[in-house]
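Below is one structure, written out as structure tokens; the observations come after it.
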Amino acid sequence: MSYYQIIVCILASISYIILLEVIALDLGVLDNIFIPKRFAASTDVAIQLPDRNVTLWSRQAVFGKHFTNASATTVINLYLPSNFQEDMSGCPNRNDTDASYFYENDIIDYDIEYIEQKSYSSKPSARVQKDDGGESKDEAILDFLLVQRGKCTYFDKALEAQRLGFKGVIVGDNRSPSSFRLHYMVAPDKVDESKVHIPSLFVSTSSYNLLWSDLLHSYRQPLKLYAKPEELGDMFWPFLLCFSPSIIMLITVQALAIRKFIRTYRTKSKTRRFIEDLPSRTISREGFYSEEEEIENSTQNGELVPLMDESTRRATFGVECVICLESFTKGDKVVALPCKHEFHRPCIAKWIVDYRHACPTCNTEVPPPKPF
């Protein structure tokens, strides 16, 4: 494995880890670890669609009433706004003179006395009417309004749904359907959160589209849902278990890559030291060796290196470096491998260390293997 392959492997591993973190954060799996203190009151709620046998995840707002009993299941009748074909934001009508509210810094501040009078009496035009034209008398069933994120604050949406008589509101995201991130709905600064008495739930774009589609095909009937408080953070261990095979494989590949890198480094270091310890010969005449050639470091491991006569040397080993294909000239320093083939020291050092641990002429292994 080359350095390039090792770097690519490490970069791919880092990218995979980042991808897992993005998926975990997008699903809210790590929210219970990194949750801010101001959001401690917010709890996730599982919404079940009995007709589809599907469970959707939602997140309660920091303000308003909360579902806290994890053992209790709340029945919800979900409605669309009366003007759902034009506006699904659920924001208050700024031209509505029936409500006594005013604007300050683009935040709506309602008259709390007016809200307390109107909070449990809905406008007939505000929701899809039931077949009998009356309101639900079952206290165990809560009427919720489905709206979409945008145009005003979450607090305004909840307050408007409360003013219309709904017992809760579900706010759908308006981002890409591929995003499953659940937002923490908070009230604006300097706003009295006690004005909202109803629960508010936030769902992803895909969940909102599913609810909206079912309501459109419900033939003017409310959509029945079941809500139960559950912690989405509890999905951390199932999430980890799901991806554990790929994580284990990633760790194994990383360990093998590191082991290969260490072994390659040690082998190259050993080979480099071996080449540096080889005896060096200096050419005294161009094209061949004379008997009077200067010998430097002509001993290896305490033993003398025998010289060969000129004719034998020329016939057997040639008069040029087979790596750079340049003839040996006077003053060149050459080294002889254990197989007696000679090369320029820089050429054979680069060849043996970086390319192949063998003689380029006869393929003899360099350094020679240790005897058993």
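In case you wondered, yes, glycine gets a Cβ from its N, Cα and C as well.
The shown structure was predicted, so the numbers you read here are calculated from the model rather than taken from an experiment.
What Swiss-Prot records for 1-24 is signal peptide, and it gives sequence analysis as the kind of evidence.
If you look up Swiss-Prot, you'll see 92-215 marked as domain 'PA'.
Taken from Swiss-Prot, the feature transmembrane segment applies to 236-256.
The annotation phosphoserine is assigned in Swiss-Prot to Ser280. In the three-state DSSP classification, Ser280 (phosphoserine) falls within a strand.
The feature zinc finger is assigned by Swiss-Prot to 321-363.
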Neighbour count (Cβ, 10 Å) for Ser280 (phosphoserine):
15
For the zinc finger (321-363), the number of residues DSSP places in helix, strand and coil:
11 helix, 11 strand, 21 coil
